[in-house]
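Since the structure comes first, as structure tokens, the remarks are kept for the end.
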């Protein structure tokens, strides 16, 4: 056998390629529990192959093969339904049906062909030639490389025919070894290692002579009107093959355009838009993330026999150096991007460029390298567009340029955006609409992800996402997008995945609506306190003053409200708080006075000139409020503990501990959705801050929802060092991890997971209500008794005394109780709290584990895992999920043992919040809440990663009861028969008498 065992000389080998005739091709086999086994070819694709090739150090994946192409294997079939993302370091880290779980046989073994050669330093299918020799990549000398060698390299790389062989280190000097043999390929070999070689080199060679190679692309666009449009075709084993349009979207199109160097994807088309192709359909249901370097690296289902062909329209022009739909104009000439001279570009040319890029109409044409000087060539022809062309390459051109042009004259262009929010009161709020093929249409709110909404707010320069709604502002016209799903890296929502342009089953009643935080904010500067001063607008990182002629009482109402500074007291003109610097705001606010922030106010362009002598000033109410715009907790053990910091303008600063109390801390915890305040701590717990220290004294009542609602009784300029910075611990996630220690499942000393360890709770002001909540949270029925016990070790940081709980007794967990006003780490009481609950085994099990459930299977013991937190059901992300976590779920639900460790979205994706992430159970816990986890909705997961669990069967106690009932019934029937025969068998009854104590 030929296998890739050479890779295992210095490390444990867990994957190998067998019977492929070389090191880097063959049947895939994996080592599990000391035995080699095969992999089933179900769903086997290029992403899976890429992981195998990378793990073996075998270059790029060239091909994936199934149906036991390299012969059938033997032994167990270890993996089936493999689903790699492509970034894993080993195949064993990829998702699969589970070790040894399959519906396969040895005639369906998966295979891989990796390349023993690579091209380095150039774009796809071009670069410096390097050959794999053992485990080392070696460059090749130009004198030892000819056209036949080039044909084999291009073929092995899955590229087209050789275009050019280049010497003199055209793609840079390599490093390490130079190949010591001369290749003598005939030109028809499939891989470089099959070529004959000669070791009798007649010359010395250095890296100055490294050979480079340019092959033709492996993807092409056929039957289009210009080079960057057409039917997508992919080269495989020397034959051009088509791609099915099922599931084809803008993310797939973006990969094709990038691979071909064709600018942005403008449209993803199907239904054989560019005519039907010929030959086999090679890829079906392509699923690119959008970041792949080539189409072959995207996931797909494989070949189909009948399907419409996918097409792509890429732009032959691009805008560089600006935000979306603006920048320096560059035109694709051959394979080179060239800038355009401002003297050769007019309004009609601009209309065509904006149309081709899917943007709105031109707003402004800018000369003199407004978006910086470009590089490389300047376009040598004059565009003569009529303005109605669909793309720039369809415009007539004239080569009779009458002037010389340098990059100092590169033209720039600003087009209107292709995404907008309308009918919401400002440009940063309203119904989402996208421009496609010259027509505005809506986006269906069904299936739209939060990340997609974030992309829209960022694209519009509207700050952060505040909320997503649907149905309040129905639109008209086409519904262009549905089930929009973004990765978060897209520059426009139009590049995100969806069902396809115009593909939906939606009504305008469900049109998506977004509310973003706004692209600008108001601030008051150079006043005696935060609530008075010169009015300035913060736009990005730039502050601009406001003209007194463009600012009235209604505008002032909104500014004071946005800053949390009460009501306006006085408007002052003529630079009353000093003359500002920099820009003067170029728009006039037209607030109605009831808006919550200035970004929601209508604006209009200013008609008069205004200087800093006319800067407007404002004094808000004397009993003023804090003007910070954000809060955070730093250096804590989770997101709900740490040093308090406030943001004012663009400066984060810590808060002076002398100005901070439990009422203010409780408001902060509520604002951060972290429950209530548990403790105030000094800076030695969470480290000293840096930068500013805010000394304002908060006079919160404790019932405010936001710190900006709390008045400040004075504005203190007293010195406060970073050693006096305030720290807070909120209850947020503190009491979600709870257990009873002492050896019995529902009896023992109360412990909570806190400061990265389990801590025992001391008895202090504890009642039966709080004890009832503990039993309920643990799924242990009702409280039977609670008492004190002696501590095991009096250590300052291993015990804590929690006072001030105010539970009604009906809460699902301690974090839902109304207050936990004090966490005293040096509590005078040293009596530890012990609780005895009634236990977990009941005929009615609903309340015992009502905080988790399995849904979607029709039964109680299999389905998508959902947990109940903060008054609603949500799902669990599969990050770090394993069999130990599943065992705990099955145990808590009394559903036997776990049969599966990880079944992502097998029972369908959930809805609502994703409550838990990074669950880490040891496997012996009685409740999922006893495990470590991240909660509070903080994650980077999607519902397609929702955890599913399959347990072995029904509730244990119910099984026991049914079993015993059947035994009793059988015994009674038997006893009745015996009595009829006049015999007595009292020993049977005696046996039942001694059997019944087994009933739970």
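Glycine is no exception: its Cβ is also placed from the backbone N, Cα and C atoms.
For 15-115 (among others), the entry in TrEMBL reads domain 'SRCR'.
Positions annotated as disulfide bond by TrEMBL: 40-104 (among others). In this view, residue 104 (disulfide bond) is surrounded by 19 other Cβ atoms within 10 Å of its Cβ, with every protein chain counted.
The disulfide bond annotation in TrEMBL covers 53-114 (among others). Neighbour list (residue 53 (disulfide bond), Cβ cut-off 8 Å, at least 6 residues apart, same chain): 24, 59, 60, 61, 112, 114, 115.
According to TrEMBL, the disulfide bond annotation covers 84-94 (among others).
What TrEMBL lists as domain 'SRCR' is 117-216 (among others).
Around residue 205 (disulfide bond), a 10 Å sphere centred on its CB holds 18 further CB atoms from the protein chains shown. Taken from TrEMBL, the feature disulfide bond covers 141-205 (among others).
Per TrEMBL, disulfide bond is recorded for 154-215 (among others). Within 10 Å of the C-beta of residue 215 (disulfide bond) there are 24 other C-beta atoms, taking all protein chains into account.
What TrEMBL lists as domain 'SRCR' is 219-315 (among others).
Taken from TrEMBL, the feature domain 'SRCR' applies to 317-416 (among others).
Look at TrEMBL and you will find 341-405 (among others) tagged as disulfide bond. Cβ-based neighbour count (10 Å, all protein chains) for residue 341 (disulfide bond) stands at 24.
Residues or ranges marked as disulfide bond in TrEMBL: 385-395 (among others).
Taken from TrEMBL, the feature domain 'SRCR' applies to 419-517 (among others).
Neighbours of residue 486 (disulfide bond), defined as other CB atoms within 10 A of its CB across all chains, total 23. Under the heading disulfide bond, TrEMBL lists 486-496 (among others).
Among the features that TrEMBL reports, domain 'SRCR' is placed at 522-621 (among others).
Sequence-distant contacts (6 or more apart, same chain, Cβ under 8 Å) of residue 591 (disulfide bond) comprise 554, 555, 557, 558, 598, 601, 602. According to TrEMBL, the disulfide bond annotation covers 591-601 (among others).
For the domain 'SRCR' (631-731), the mean pLDDT of the prediction comes to 74. Marked as domain 'SRCR' by TrEMBL: 631-731 (among others).
Of the recorded residues, residue 215 (disulfide bond) and residue 141 (disulfide bond) place their C-alpha atoms 18 Å from one another. Checked against residue 807 (disulfide bond), the disulfide-bonded residues 395, 656, 730 differ in C-alpha distance, with 730 being the nearest. For the disulfide-bonded residues shown (114, 601, 730), fewest C-beta neighbours within 10 angstroms: 601.
Put simply, residue 395 (disulfide bond) is 34 Å from residue 486 (disulfide bond) when counted between their Cα atoms. Residue counts for the domain 'SRCR' (522-621) under DSSP, helix first, then strand, then coil, are 19 helix, 35 strand, 46 coil. Distance between Cα atoms for residue 405 (disulfide bond) and residue 154 (disulfide bond): 39 Å, as a whole number. Broken down with DSSP, the domain 'SRCR' (419-517) shows 16 helix, 39 strand, 44 coil. Here the CA atom of residue 656 (disulfide bond) lies 17 Å from the CA atom of residue 669 (disulfide bond). Looking at residue 141 (disulfide bond) and residue 154 (disulfide bond), their Cα atoms lie 17 Å from each other. Neighbour counts of Cβ atoms within 10 Å were compared for the disulfide-bonded residues 405, 669, and the top value is held by 669. Among the disulfide-bonded residues listed (205, 341, 385, 395, 496), 496 has its Cα nearest to the Cα of residue 40 (disulfide bond).
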